[in-house]
């Protein structure tokens, strides 16, 4: 039995999230259907991180176990032949038995892309979040970035946890959060050990409230300390959320995430010290 890791990229707008559902309209259903057509047998997959409906992925990782013998690129080419245009396998690699797409991961990076202004941009539908602001007004990016820093470190993130979250513990470690502005765009990069259900979107809801001046910078600390979902802002839209990268120990030698050459990475690399 051989363990294969696959790097997956997808546009989540048309899907009901990652996890398989009876109606079949999920990314996992699309991927496993394509694998079955290519390999001729069912090949269940294990994912690094389940994404919600409407959330995109630049660097999702899954693993599967198989008796089939194929060259790595054969998995890429063969599976992609049966996938819809909104999902693609970017790479494939044979892995040791102790590799696990979820439990071997030690870091996950999310990006959120947000626009603001008096009118929405139709060409960005489903690809970026949007905040309607009157002409001449903007989000206070500096306040958003300052407020976000209280979340860095190991904390109980119950205030940012969905009611239906199945995680055993609300305690997670946040490695870094950066908020950057570019014209009518705001980009947020969040790195952590792991994330609770809706955690990033709930953090975004609070950041937007602060950016609009509806809450002070200090409010983020109050929300965190409350350890109650009702203390935080409403869950923000999924449209601009991207699972950018899943980090593993160097010993596994997995390919670099395509996010490394993306617009998002470029925005943050322009700022010294990031």
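Cβ from N, Cα, C; glycine included.
Copied over from Swiss-Prot:
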type     : residues : note
ACT_SITE : 52       : active site, nucleophile
BINDING  : 110      : substrate binding site
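According to its DSSP assignment, the residue listed as 'substrate binding site' is in a strand.
Distance between Cα atoms for residue 52 (active site, nucleophile) and residue 110 (substrate binding site): 13 Å, as a whole number.
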